[in-house]
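Encoded as structure tokens, the structure appears first; notes follow it.
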Amino acid sequence: MSENKDETLASFQNITGIDDVGEAFSHLEAVNWNLLDALSRVMPHDDAPLSNPVLAPQPALPDPVQPGAQSNTNGFRPPSYDELPGPSNASASSFFATAMHNHNQNQRHRYPTSHLLAQLTSSINLDPSSQNNNQNGMNFNINFNQTLFQIRLPPTATIDQLKHKIFDVTNVPVCRQSICGWPPAKASDAQIGGTQICNLDLSPENELILIDLTEDGFMDTEPDEVPQRLDKDFTIKILYEPQGTFTMNVSGRTTILEVKTNVYYVKEIPVRHQEWTGWPSGCTNDTTLAESGIELNHQFVLRNLAERAQSNSNAALDGENPQTNSNSASNTFDVVTLDSESSADEFEDATDFNTAEYIFTDSPPVQPLNRHLIPNNTDDETTGSTQFVENYQSRFGEPYPDFFVGSLENALQMACHKPAKERKLLAIYLHHGESILTNVFCDHLMKAESIIQTLKEKFVLFGWDMTYESNKDMFLSLLTARISSNASLTARNIKLDKLPAIMLVGKSRQLGSNCEVLSVIHGNIGLDDLLTRLIETTAMYEEQLQVEIRQEDERAARHQVKAEQDMAYEETLQADMAKEAAKSQKAAAQAAERKRIESERAEENARRESIRLVAEQSLPQEPGEQEASICKIRVRKPTGDFLERRFYTQNNLQDLLNYVTANGFLIEEYKLISSWPRRDLTAIESSQTLETLKMSPQETVILEER
């Protein structure tokens, strides 16, 4: 029913040109979502009601509004051909052009406006299956901001052309578009603008997710505008279905959570039961109105999930359509309209639908217990998760995948909200007991050892049963709150004949540090293809994480350096404080130490001088140059300079050592080395004569430090 409403809302807006979701919603609610009656409310005419068009001559109507002319007061405008929804734009636009031409040319006998709209809407709601047979193009279902946009392109179109088409329908600039949902093997090719879509291994029908990447999160407000908007007053008009509209005036500093809390105080709707339409993509509960990017006057649509679930439950318990009169004694059957997304197989396989006991018994229909893994109207996600795992194991038996037991938030924490090195993908298994694919998928694919091991090693697997509408609505709300509105919209748009399905959710900086749906694997898939999709998505995700892992390592290194610097600074500060406290004592100690060192140095100098003087006084008289029996000794100092003196050949070695000592080179600090043969003269007997030591007539010796 929710899918039918989404399609009806989109068709109504495209036909009427009413862009305000709240206004369009109110028109459709007033006529119980009857598209023809809703069009009758807003379209100017004097015809019969849309619900019962009669072909009869009508008074002449003015020609359609031409460019530059005044529009009617109801805000209705004929749609351009490109605005007609769905894959049948060409046929619908052709019909619309022909109908409007006849409407203007035939002044005497023309169809009433209601009949024109009836034919127009019937031409729009063509069966998509008939369009899929057209091999001349590809259909793209763009999920963005809780809205589904349909685009059709020829196979030769490029990624750049697709993005420009997306800009035409979403107003998201090409430079800010991030598109998810490509086949994992072709994800890198899809990032190249010149790639043709026929080279991306796409199917005729393709589900893509659009993310609006702005410089500041996902919001359109420029950073320098936020301070100016903080002190402004925002007027929020809230269409609360079905009670009507109420207004709140709040400051720009108010957070979205505070707005929801104020609504709770006014309408007594718990925050967890509030479903909003109209917030910009990327907003969180901590986002202020100034940062959110909304206008100073903004309109939202608010629904109470608890009331909707209760209404669905009551309708199921009463065993009748809420629109029918329960007091009617006649056996009346409601007409069920097959929407364009439903397949005949879905109704043929519902073998129990037409049994007499379901239609005529007073008690509500009881379906087999094994079809529902979570009881109806479950209001706690942890309890629902526990019951899902228990009932899944009971119904399908061993072996079975290792499902996570707990809340969706805890599953996200375990999978996505961890350091990049420890991060995994979150695999959300969406079960549906009424799908013909369920038994094959669970009994064959989910029991394969390769699938079980892959899910266990690379994923955190969370399961939920979408069979009951109340549980489906609850889980879609959880997806919106815990992951994103795009995740909720993606799950909502999965058709029954594609369930069960596995949504693969991941977190990386390339996605704006938020969790987003990376891929959706439908139930109509083989074992090998399922394993390949899981492995390819994991490989692509791990490749994206490598950049983040490197950044985390660099960040950790910077933090480590900063921590060490902080520790060193703290230690230095403590040392400085200790130095300051003992400054006087340290100064006194240093003075005493200097005095002691100076005293020792003076004593050492005095000792050395005493030794030098004794050696100098012990030196024999230097002979003259002309005397006989003399030898000339040259002493090379460590600096390279030379000392030179004459000695008698009968002078002993001690006289030479005294000469060296007298020049300041104490024998206890220096060695005296003869050049040839090389020997340490300070280590031999000093009483030997120079002649005995063969140092005449001349010799050069070397001083070396010990």
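Cβ coordinates come from backbone N, Cα and C, glycine included.
Nobody curates TrEMBL annotations by hand; they come from automatic prediction.
Annotated by TrEMBL as region 'Disordered', the relevant range among 134-158, 584-608, 609-633, 634-658 is 584-608.
Here TrEMBL gives region 'Disordered' for one range in the set 50-89, 290-329: that range is 50-89.
Secondary structure of the domain 'UBX' (626-703) per DSSP, as helix, strand and coil residue counts: 13 helix, 29 strand, 36 coil. The predicted model assigns the domain 'UBX' (626-703) a mean pLDDT of 87. Look at the region 'Disordered' (584-608): DSSP puts its residues at 25 helix, 0 strand, 0 coil.
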